[in-house]
């Protein structure tokens, strides 16, 4: 259980850090999945099996939406996956922008979206366990990384300046 806890925290941390420095759209989404799998393993290491399964279901639903939106963006941007060449796509793809932002916000755990109900329960119950302040600090750092790479992806894809040629 302690080994699984350590591996899950390291998985969340490493995949979150790598996603922040990645520019390939599909790789960022895949690293986000890896980070969330670490969250599910973290939940299992605490004995919260049902919550891990609930998080798996909510994550799968919104991750599928993210990949569908990514496919549309890649096709619409001339078959490039580099998010540096996107920028300003919200004007050309308003529906995709809304869907992708909703999926990203749900995966970040924004209140009253589906991802909030699964992730918040895991975080809330993890705070009740006496694993120590270091485990909780690492968990919150990893959750912050999720928000950081999601906001970065949204900014570079939809809000930032157009970088394509």
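Placed from the backbone N, Cα and C atoms, the Cβ positions cover glycine too.
Look at TrEMBL and you will find 2-140 tagged as domain 'NADH:quinone oxidoreductase/Mrp antiporter transmembrane'.
Residues 27-28, 31-32, 34-35, 37-42, 44-47, 131, 135, 138-139, 141-142, 145-146, 148-149 of the same chain, all 6+ positions outside the signal peptide (1-19), place their C-beta atoms under 8 angstroms from a C-beta of that stretch. Annotated signal peptide per TrEMBL: 1-19, in sequence order.
As annotated by TrEMBL, transmembrane segment applies to 29-49 (among others).
The transmembrane segment feature in TrEMBL is assigned to 56-75 (among others).
Under the heading transmembrane segment, TrEMBL lists 95-117 (among others).
Annotation comment: TrEMBL describes 129-151 (among others) as transmembrane segment. Within the chain, the transmembrane segment (129-151) has long-range Cβ neighbours (under 8 A, six or more residues past its boundaries) at 5, 9, 12-13, 16-17, 19-20, 28, 31-32, 35-36, 38-39, 42, 46, 104-105, 107-109, 119, 123.
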Sequence-remote partners of the transmembrane segment (56-75) [C-beta within less than 8 Å, at least six residues beyond its ends]: 25-26, 29, 32-33, 36, 40, 81, 86, 89, 93, 96, 99-100, 102-104, 106-107, 114-115, 117-118, 157
